[in-house]
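Heads up, the thing below is written out as structure tokens.
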Amino acid sequence: MDIAFITTLFIIGFIGAFISGMIGIGGAVINYPMLLYIPSLVGVMSLTAHEVSGIGAIQVFFATLGGVWAYRKSGLINKTLIIYMGSSILLGSVLGSYFSHYISEKGINFIYGILAIIAVILMFIPKKGQKGQEHSEDKEVIFNKWLASSLAFIIGGVSGILGAGGAFILVPIMLSILNIPVRVTVASSLAITFLSSIGATVGKVITGQVLFVPALVLMITSLIASPIGASVGQKVNTKFLQWVLAQLIGATAIKIWLELL
């Protein structure tokens, strides 16, 4: 690993974290194609799908840790949601990340291709949820616990394979299917995604899929760029950026599908 490769990783990580912070979509779905294709395209180094997913798991872990820390005293992280969805997504992500070692590179790219299409669709679905409801720490949140656990387990399994946290799928499900209040969803999804990233990180490290120097570079860039993106996102109209990003992710999905077929 030379300076050119580290610099390339820093730029990729900064762009991914900045966009992630700006429009509120998980960094993994953005960084995966950039890490997979850009280093080899510019001739600095080629990363495998397993290595990319391992690096992503570490980045998501530290990114969500920062979010959970920020919300720790808000009273909006719902303990019941964490018990049911958090434990399920943790188990799913451990299993997914561990068994991803046995999945071929084409198999991992196939899964990303499916999730990329889902991500594009979810970007344009209006976020519902119980906007009009104020929520306090003592107020009970009503939801289907077994449905929530089952969906979280599935999301964890798939996210563990890709080294993602799964927030870009988790949030719409919590809002539209489980009908969780918006503020509780935002705070609790960070905690649930954090647990998912723990499982993914453990599985990836155990199976030797993590390159620690690139992971460290992306961790640093996410801590720097994500807050900047979030600040900018509050001041500008991000709809156009969402549209452009959807086109890029969609194009990546098409490229992956063409390589697989």
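For all residues, glycine too, the Cβ spot is worked out from N, Cα and C.
Sequence-distant neighbours of the transmembrane segment (10-30) (same chain, 6+ residues past either end, Cβ-Cβ under 8 Å): 38-39, 56, 59-60, 63, 115-116, 119, 123, 159, 162-168, 193, 217-218, 220-222, 224-233, 236, 238, 241-242, 245, 249. Annotation source Swiss-Prot lists transmembrane segment at 10-30 (among others).
Beyond the ends of the transmembrane segment (51-71), by six or more residues, the same chain brings 13, 17, 20, 26-28, 31-32, 35-36, 77, 97, 100, 108, 161-165, 167, 187, 190-191, 193-194, 196-198, 200-201, 203-205, 209-212, 214-216, 218-219, 222-223, 226 to within a C-beta distance below 8 angstroms of the stretch. The feature transmembrane segment is assigned by Swiss-Prot to 51-71 (among others), with sequence analysis given as support.
Here Swiss-Prot flags 80-100 (among others) as transmembrane segment, drawing on sequence analysis.
Beyond the ends of the transmembrane segment (106-126), by six or more residues, the same chain brings 25, 29, 32-33, 36, 49-50, 53, 100, 158, 161-162, 164, 168-169, 172, 176, 242, 245-246, 249-250, 252-253, 256-257, 259-260 to within a C-beta distance below 8 angstroms of the stretch. Swiss-Prot lists 106-126 (among others) with the feature transmembrane segment.
Per Swiss-Prot, transmembrane segment is recorded for 151-171 (among others), and the stated evidence type is sequence analysis. Within the same chain, residues 25-26, 28-29, 32, 52-57, 60, 63-64, 84-86, 88-100, 103, 108, 111-112, 115, 118-119, 122, 127, 177-178, 185-186, 189-190, 192-194, 196-197, 199-200, 203-204, 209 sit at least 6 positions outside the transmembrane segment (151-171) and bring their C-beta atoms closer than 8 Å to a C-beta of that stretch.
The annotation transmembrane segment is assigned in Swiss-Prot to 186-206 (among others) on the grounds of sequence analysis. Taking Cβ pairs closer than 8 Å, the transmembrane segment (186-206) reaches residues 26, 53-54, 57-58, 60-61, 64-65, 67-68, 71, 74, 76-78, 81-82, 85-87, 89-98, 100, 152, 155-156, 159-160, 163-167, 170-171, 174, 180 in its own chain, all 6 or more past its ends.
For the transmembrane segment (210-230), same-chain residues at least 6 beyond its ends with a Cβ under 8 Å from one of its own Cβ atoms are 1, 5-6, 9-10, 12-22, 27, 31, 47, 51, 54-59, 62-63, 66, 201, 204. Feature annotation from Swiss-Prot assigns transmembrane segment to 210-230 (among others).
Within the chain carrying the transmembrane segment (240-260), a Cβ under 8 angstroms from the stretch's Cβ atoms is held by residues 19, 22-23, 25, 29-30, 33, 37, 106, 109-110, 112-113, 116-117, 119-120, 123-124, all 6 or more beyond its ends. Here Swiss-Prot flags 240-260 (among others) as transmembrane segment, drawing on sequence analysis.
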